[in-house]
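**Student:** Sharing a structure, written as structure tokens. Questions coming.
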Amino acid sequence: MLRTLRLILLAMLSAAGPSQASGFTEKGLSLLSYQLCNYQVTQNVQKVVSFQMSSMIYTSCGGWIPWQRCSKTVYRTQYLTMGVPETRNVTDCCQGYEQLGLYCVLPLNRSREFASKPGVCQTVGQGLSTSPCTLDTDCPGFQKCCHLSRGHRCMDPAPPALERNLSNFWYNVTVLVKMDFKELNHVDPQLLNHMRLLYSMVTSALQPLDSTVHHLHSAGGDPSTTVSRLLLGLTRPLPVANISTVLDDIVRRVYEVINIQVQDVNECLFDELNTCSGRECCLNMEGSYQCVCHQESPSSSSLKPNHTCEDCPPIWNYMTFNVTSSSFQVSWSLNSTRNHTFQVQVYKGQELVRSARTRETTLEVVGLEAGVLYGVKISYQECGPNATATLTLRTDAQVFEVVIRIINRNFTEKLRNRSSVEYQEFSRQLLQEVENSFPPAVSNLHRSGKLRVEIVSLRAGSVVVKLRLTVQDPEFPVSISTLTPMLQPLFASTVFQVDQQGTLVQDWDECADSRENDCSAAAQCLNLEGSYTCQCLTSRDINPSRVGRTCEVPVPIKRIMIHNVTSTSFHVVWEADLTLRPTFQFTLTSMQNHTLDFEVQNTSLMLLGLEPGVLYKVVIADKACGKESAKVHLKVRTAAQKLSGKARIANIKYSEDFRNVSSKEYQDFLEHFFRMVQSALPAPILQLMNQDGIQMEITDISNGSVVVTFNLLIIADVDTQEVSDAFLTALQNMSLLEVVRDETFIQDYDECERGEDDCVPGASCHNTLGSFTCSCTEGTPDFQVEYPGRPCEGKAPGYSLASDPEQPPTSPDISAPLTTGSLPQRMNLTGAVMVLCEIEKVTIAIQKHFLQQESIPESSLYLGEPACNVTYSNTTHVLLAAGWSECGTAVQSNMTNTVVRTTLRNDLCPEGIIHYLKILSPIHCAFQNDLLTSSGYTPEWGVYTIIEDLHGAGNFVTEMQLFIGDSPIPQNYSVSASDDIKIEVGLYRQKSDLKVVLTECWATPSSNARDPVTFGFINNSCPIPNTYTSVIENGDSNKAQLKLKIFSFINNSIVYLHCKLRICMESPDATCKINCHDFRALRNSEAFATHQTSWGPLIRSEGDSAGGHPELGVVYLVLIVVAVFALVTGIAAILIMRYQRMTGRYNFKIQSDNFSYQVFYD
């Protein structure tokens, strides 16, 4: 027991504080715990009682006669401790639960509940046993711990595993808890206490629903957390979103639980969880599954599990009509020339209530209850096994809900049991009070049998009762206002004390539970007061007499959208009918015939890890019930600009080994060639190449001295012509390779001619430098493929693609480095918003799909204040922008970072009432202030970084320019030791109020800023002495300037210049200006980013030497003369003062206004 308490105290007591809970009971239970009950306890309390004790004493009473004495009674107060019975209310765990730390859990002897798995053990002699076990949780997967002659062993459950369990609808629940998994294993090796806590919390939160919880697996998550997977079973299906909302209450009440996620279980993936035979197709549903014959062509009506499938013609076109409160008619069709006898069975839940045989294809069923959901099964048996079709319908009725909170009764374990005497007596009294409270007209309905009252559930909170009132065929309109007058008599009840705040009459929402309505799976349920209606989401309603009950199934795949195409990834989304829960076969093939095949169930997929500038072929096929629809083919090309080139090298002799790419000669030549190209490239282009922003691919080495054919892939956002010119100049000026200039060139790579464009059929491809464009033509193909952000010329955005029945070519095994991850079908805010952090502006882009999904109008969106609303809108996105000084945008800056904050809101509503999801999301943009810039290089833009939780990151982009006088100097420019070079460092192409502060500058003999050989000329924002450096401005504006004679103190013939700088924002309390005389310098230990820009090199003029090396300059000679003169003068003054002190008195007098100042007097 001590180990148990350690577990709880470690995970809970040490972490919980006054702010995490509303308080604790006398026993230390959290008042936010589940399964708490109030008890009246009578105890003997020790109390001190006072009483008077009499005694007889004799005192003198004779007056002057001293020997006369009289008796006298005196009283003394004495105290006695005794037990006194006292009755008081105590809060403790409900019956059947015990305390574990701060919470109430099941006792250990009920491990068959909290440590079990669904299903039952197989009969002795059947099944294959594996490892020994003690509990079901000791076994892998869905195996159970079964008792055999040789002890308890893990075995597969008797098939089907879930058929014999009361819970038939299953969900995955993932719980993240604040406790290190290693420590949890140490204090609770079998995790029994952990499982008890999870079981009790989940089942209690879901009350009054009947639920079972099975622990599947626990493992360590992030540091100091544990992730547990649970299998949740319910007796009726509920939407995942509803269950998730209910379980979120645990996160709010239990401080140690960080997060809970709920997902549907795909029973079709596990043989233990479905009963479909090998001849049937298993279709996953939310919370359940269906079995459908392979050859069947199912309509949109619900198809329940069929257990056999043969070649008998299927029953189809089945529907209901003439539905009343007590009857309905059903009809069906069968494509057969034979006469068949059909059996029609009507079920209420699992109970068979009607059964009939007929040779007709229509039947009327009467004598039913109002407002009840019935299942209808139609079958025939002439051709062997049954051919079956099932559907659901609900008889007509108005249904209302009454919630009553009774505060003079406590919810006990006996009230959970409907067969207990306590429950029977409570329900009798309650229904009697409710019937007595009805208004006269409603009471008449009840007496005539047209109003039925049922107790749906009881739950804690004193006692909260949920009633269902079903009204059928009333003579007058019945609504909430008709039933509300019953509340006043209930409030005045003498039997129950009813809480007026917690008691109400409201509509019964049939749409909240799929078992409460008979809408088609392809229809939307719309709740009404007292009833509901259905609306087909597809184009046609097959049975207009019963709207939304039989909807036509649409085309499987309709529209495809390609989003966020980058150099290594793209996002594909398609529209499809999900009524039959299809899977989609997705095939991705690269130009090298590397193929990736996989199946997905979502209609959204993100592909990562692709190669830049490569054309990929995509095939999507819909698969339902084992059948595959026509495949849809499309092409997607990852982003990159592409050039091709050729260089003829005259001083290298061709070798036949160059044909073998694996040979040492080929590899050595390639290494030498790349080294020569890189050494001749300008520093900005070289830096991009080192960062894989530009890639050079050798495609062929052929004879003719040596002819190198290559492609250039440009991934970075730079000018294509500039890259082409830089590489051509580098090739023509390689130091050790003699290139034939007339036979060396770089030209555009024609994607259109080579068929490497992704223009769709019906669109024409036009080549451009480094890329291509697509022009739309007339025609309306069957399938739509859209590339948002890449519109056709002359038409609205979008491309068209027709379904292609041809099969793709056979491809070899998968070898491309591809990874996939499916996105949820329902988009959340984080996935829909892209944060763009720019200098002096914050911009966000929101996908319109998300706005349409949540019914959010564009006009309601703004950043910070309503003035910063939508600035641009297209077919896929809306953009909002706010300047740093606009709409309440807050900017904070310190030595290392500048953080910009604003808020995305959507509460602009002219009507004043918001009927959609409300957004209040903070947006943060972080810029790093400390940068490294080197002469002449403008770095790649990095402001389009998407970070979760609506945060963004941006880069202050800087550039360095060099001047002689006011004229900028080009690359590889030669300067002399006497030339004054002006260096200007500023924010790249920005007119900004931000200040640039140089903190350190130095020169290196190579383009590497961290070369071990360095020559510094700025340190701590101030010039280093003897470096011929003067600062023009530093910290005064958005650029810093300085002058220096670089070759006056450096003897190298080539140098590269580098500077660290800090972006500063002035405030009333702080300035960015640098005063070198006050020695207010920046700390050298500040972290800086490794962004490096390179330009140059600077070359010393021929015959020029370093002016300051090693001789002294004129300035130094002057300083030495002045120092010597000052020393001599000081010595002379000391000697004179010494002499005058020895000779006596002297004074200095100023003859002005008779004022004399005596300097010395003895």
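From the backbone N, Cα and C atoms, a Cβ is placed for every residue, glycine too.
Keep in mind that what you see is a predicted model, and the values were worked out from it rather than measured.
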**Student:** Looking at 768-794, 795-821, which one does TrEMBL call region 'Disordered'?
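**Tutor:** Checking TrEMBL against the ranges 768-794, 795-821, the region 'Disordered' one is 795-821.
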**Student:** Per DSSP, what is the residue count of the domain 'SEA' (396-510) in each of helix, strand and coil?
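**Tutor:** The composition, in the requested order, is 42 helix, 33 strand, 40 coil.
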**Student:** Across the domain 'SEA' (639-751), what are the DSSP residue counts per state (helix, strand, coil)?
**Tutor:** 46 helix, 33 strand, 34 coil
**Student:** Per DSSP, what is the residue tally for the domain 'WAP' (114-158) in helix, strand and coil?
**Tutor:** 4 helix, 14 strand, 27 coil
